[in-house]
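To start, the structure under review is shown below, and the notes come after it.
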Amino acid sequence: MNASVRGDEQLGDEQLGDEQRGDEQLGDKITRCFAEIDDIGHDPSDPDSGYNRFAWTDEDAALRSWFRVRCEALGLVMEQDSAGNLWGWWLPKDVASPSRIPPRSAVTSGSHLDSVPHGGAYDGPLGVISALLAIAELRRRGFRPTRSIGVVCFSDEEGARFGKACLGSRTLTGAHSADQVLGLRDSAGVTVAEALGAQGVVPEGYGPDRELLERLAAHVELHVEQGYALAPARAPLGVATGIWPHGRWHVTFAGEANHAGTTPLAMRRDASIGLAHFVLDARRAAEEHRAVATVGRILLTPNGVNVIPSHADAWLDVRAAHDDGVDAVLTQLGSYEPQPESRTPATVFDGGTADRLVAACRKVGVAPVRLPTAAGHDAGILANAGVPTGMLFVRSVNGASHTPHEQAEIGDCILGVLALSGYLEDCAR
């Protein structure tokens, strides 16, 4: 694919901020935004291939460029924080620049544009597009904010390239230091520092951004529902109460390489056998403790069809409704000596923010369902850093996520944008 974004000359009168096109249906705007980025990290001729949009790649650069173009079309002031996240600011008349935003005064929304391998179209981009369109809707109505409103595009939320999720928000908040992040390597051995440099980001300036974080009074992330709770309830929108605790662990298995045909079974030291037992034991432990456990990434060495594996690496993801559930699974798997790579405790979202989101949903004729989520999000990182945070879910058609079959109805997406715009208006009036 051509990892380039459409420029201003191609957007023409289709720019989101063009009030002369105020009669355009919101659904058409949503569809057009998705269409503009559809070929980035994706082959439209093969819908089952999904999206491959990894942090600090050419595809990621194209998406970030698209975000800048869209923000500037809305008249937003652009800013990149010290962790590489992009912010577009709608400033009130008495605020000259983003650096002049008073502490704990700004309300923000947004999500991410990167994906898991062969991911879906909605996870992340729906939140970014909805935040942009919510501001476009407020501008169309003639609203003038008295507090700064920001749209954020977080970097490397999925962790698909460097193995740790939410690197942009974790670094922004100081949950990870620059030293913890810059040395991480992808499967090709490229470090985060090298990847940043290749995309024009100076690694020496990378790290937490306390000044920007201090500006935030509230943050809301709109996201496609990752599950199947809203459809049975006939609810197009949901409001999150919190996020399950979750984490990632690395487990290794040693063996000895040898010929697959000439080595008797009794003489083999096959690293994959221990790995196979581990996968089954993780499933059993999760069932016993009402958790979920997934071994979603495996590397075998030397990785030859006719060679007995001498080494195996596996990555375990564990989630549960309570921290005790995660701990119980890890304790039961203790003989495998899982090494922690990341862990996020249980997150409880701000009650006041949730109430405001519920009120905004009701104003557009929706009685939202309040529900927890087992999926990790940048919103959870901000919440754990002390920012009053909430999440607004748009109903999933089929419950699928992290797959090309992820889907949401355009009518539900419209309601999400309208509810989000109402929330932002309520906070910034």
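Positions of Cβ are set from backbone N, Cα and C atoms, glycine also.
The Zn(2+) 2 site recorded in TrEMBL comprises Asp123, His402 together with one of Glu137, Glu158, Glu409, Glu425, namely Glu158. Compute the center of the Cβ atoms of His112, Asp123, His223, which mark the site for Zn(2+) 1; besides them, the chain residues with Cβ within 8 Å of that center are Ser111, Tyr122, Gly124, Pro125, Leu126, Gly127, Glu157, Glu221, Val224, His377. Cα of Arg248 (allantoate binding site) to Cα of Glu158 (Zn(2+) 2 binding site): a span of 12 Å. Only His402, from the binding-site residues Asn306, Arg319, His402, place their Cα within 10 Å of the Cα belonging to Asp123 (Zn(2+) 1 binding site). The binding-site residues considered are His223, Arg248, Arg319, His402; of these, His402 has the fewest other C-beta atoms within 10 angstroms of its C-beta. The local packing around His112 (Zn(2+) 1 binding site), expressed as other Cβ atoms within 10 Å of its Cβ over all shown chains, amounts to 28. Each of the binding-site residues Asp123, Glu158, Asn306 was scored by how many other Cβ atoms lie within 10 Å of its Cβ, and the smallest score goes to Asn306. Arg319 (allantoate binding site) falls within a strand segment according to DSSP.
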